[in-house]
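J.: Residues or ranges marked as domain 'DUF112' in TrEMBL: B:20-440. The transmembrane segment feature in TrEMBL is assigned to B:19-39, B:107-136, B:148-181, B:193-214, B:329-350, B:356-376, B:388-406, B:412-429, B:436-452, B:472-491.
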Amino acid sequence: MTRPINGLQLGAALLLGLLGLYIIWQGSSYDIGSLRRMGPGFFPIMVGSVLLLFSVLLAAEQWRTEKEQDFWIPRPILMISAGFVAFAALLERTGLVPATLALVMLVSLSEKPVRPLAAIATAVCLSVLGVSVFIYGLGIPVAAIRW
Amino acid sequence: MDIFQNLALGAEIAFSLEGLLFCFVGVLVGTFVGVLPGIGPLAAISLALPMTYYLSPPVALIMLAGIFYGAQYGGSIAAILLNLPGTASAAVTCLDGNQLTKQGRAGVALFTAAIASFIGGIVAIFMVLGFTPVIASFAMGFGPVDYFSIMLLGLVAASTLSVGSPLKGMAMVIVGIALGLVGTDETSGALRFTFGALALADGISLVALAMGLFGVGEILANLGQESHTPPKASGLTFKSMMPKPAEWHGLLKTMLRSSGIGTFVGALPGSGPAIAAFMSYAAEKKLAKNPEKLGQGELRGVAAPESANNAAVQAAFIPTLSLGIPGDAVMAVLLGAMILHGITPGPMLITSNPEMFWGLVVSFGVGNIMLLILNVPLIRLWVRMLSIPYHMLYPAMLFFICIGVYSVRSSVFDIYTALFFGVIGYFLIRLRYPAAPLLLGFILGPMMEVHFRRALLMSRGDYMTFFESVPSTAFLILSMLFLLLPIWTMLRKRSARVRRSREADRSF
């Protein structure tokens, strides 16, 4: 009974292995010390090595796994990323309200069909809520709107 | 110390205006996220974490705990009405609960679920009261060696007992420990894995990590999936919710038995409410006179998992508060919240912060009564919640994630961190890598490193020190057993398969 290689699972195992190697490599640039008096590098090297071991085991395990469905969803990932980046970029420059509007409008594009009216309504409600709860209520140091 | 004196101290906190208010907020939010499929208690607690900066630590903990057990009440509603578990721990409730709905008896099922949850909660409170101080005083003598070993046990148990591949669970624990390395080394003060970013000198933000993995990641996984049709609330009258007198027979016994199972399972490190619900259902099936009836709409099939999951949630506080060892990811976040508030979890907690422990325990009682009121007379309100469209809900959740992450330390960098872990969290869900062990590793990792280094410093570099203390040796042996268990079951399955295929060959 031979099953085809599960590419995604193998890729994930390889990525974990690379992460392990990176941790070992970066960890060895810190002071390792001795068993008696460990430096900051000792524990990371240990952790990286165990991770490397598990990535090998996982690479062996991938033959037993079933295929994933709906793995790539570029649209939601892209739109949510765009929304977060816009929020982060606008928050301290132009204030909470423009940042909220940009965030909600952008993330609302992740699903088809796009519902512009619902998105605008949600954005306005959240702006009001955000200003009253977070700026007036909790006093976070951000302006509502900065010109 | 007098237990009544302590309870009075706890009541002072739990019945203060602030305590009552935030207990109510907690159980309300908990029921809300429990009702809605697609948002779990972990996401909700991560979302609420920034708010706790404005509260005193005991009140903050009361609110966060309320979200956790409130979600167990709410989780059954979607399970019964829609056959969709609102939280993972309500998956078993779907079996009989939804059958009852199809028979037009949704009201009875909802009522039974609420009562069962309540009884589970009450039983667990007494267990928490009885066992936590005892375990804590036992653990007073623990040294660094014992701490390292028990944390290892917790991590191993959490990753191997979770659903799915134990290898993936272990790998995620290690990734979590690795993420915990980022920042300033506690012992030497050296900066590690910061990529030259000043924002990472204090480490990765727990709130950003948790909200990314469990908030953004879950939302991404839910987008593009089919939506459900909202159920109708009109038929739910109080009268229709009452079980017939004959049906009460044996139900209370089931609830008490399941509460016991739930408490025991919940108190073990690594096993959460979902496993407790599953085990109590299995026990009910073994004990039933006519086991084939379970699954076709038996009230017992609703009562057992609901008592067990709520009991397990409250019992999970036993190891967290007595040893400082969280049993699952939600407890890890609560523990993280305590650390953020400057409270050192561990056996000293009950004596050094008595108001914290006793206040929390009393609030469990208050919260469970509030939940009973919220879930029986006000049930129709929650059923209506199920008709909130997801396309309005998820932008709101993303907004709360963004502003919540930012508000913790006014850091724009943390918003990007949450996004980064959100995308990773999505891929982890799709690849069936459990994210909860990662969070557990992230929180326990730094503590483990400190104890590990301290232990070897004290033993002058001799590894055998871990086997020189009795508790430590016991924890290490248990960890080994947990590691070997999945290998053993795998081998047994394989040999069974080989045998079966041989028999099949022979029959030809």
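Here the Cβ of each residue, glycine as well, is placed from N, Cα and C on the backbone.
Automated prediction, rather than curation, is the source of TrEMBL annotations.
Note that the coordinates shown come from a computational prediction; the quantities given were computed from them, not determined experimentally.
Each of the listed features needs to be described in terms of its position in the shown structure.
T.: Note on the domain 'DUF112' (B:20-440): mean pLDDT across this stretch is 86.
Residues 40, 42-43, 45-47, 49-50, 179-184, 333, 336, 340, 401, 404-405, 408-409, 411, 413-415, 417-422, 424-425, 428, 435, 438-439, 442-443, 446 of the same chain, all 6+ positions outside the transmembrane segment (B:193-214), place their C-beta atoms under 8 angstroms from a C-beta of that stretch.
Sequence-remote contacts of a segment are chain residues at least 6 beyond its ends whose Cβ falls under 8 Å from one of its Cβ atoms, and for the transmembrane segment (B:436-452) they are 42, 144-145, 147-148, 151-152, 154-155, 158-159, 162, 169-170, 172-181, 186-187, 203-204, 206, 209-210, 213-214, 324-326, 328-329, 332-333, 335-336, 339, 428.
Remote same-chain partners of the transmembrane segment (B:472-491), defined as residues 6 or more beyond its termini with a Cβ less than 8 Å from a stretch Cβ, comprise 145-146, 148-150, 152-153, 156-157, 160-161, 166-167, 270, 466.
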J.: For the transmembrane segment (B:329-350), name the stretch out of B:19-39, B:107-136, B:356-376, B:388-406 with the most CB-CB pairs under 8 Å.
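T.: Looking only at B:19-39, B:107-136, B:356-376, B:388-406, the most contacts with the transmembrane segment (B:329-350) come from B:107-136.
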J.: Where, among B:19-39, B:148-181, B:356-376, B:388-406, B:412-429, do we find the most CB pairs under 8 A to the transmembrane segment (B:107-136)?
T.: B:356-376
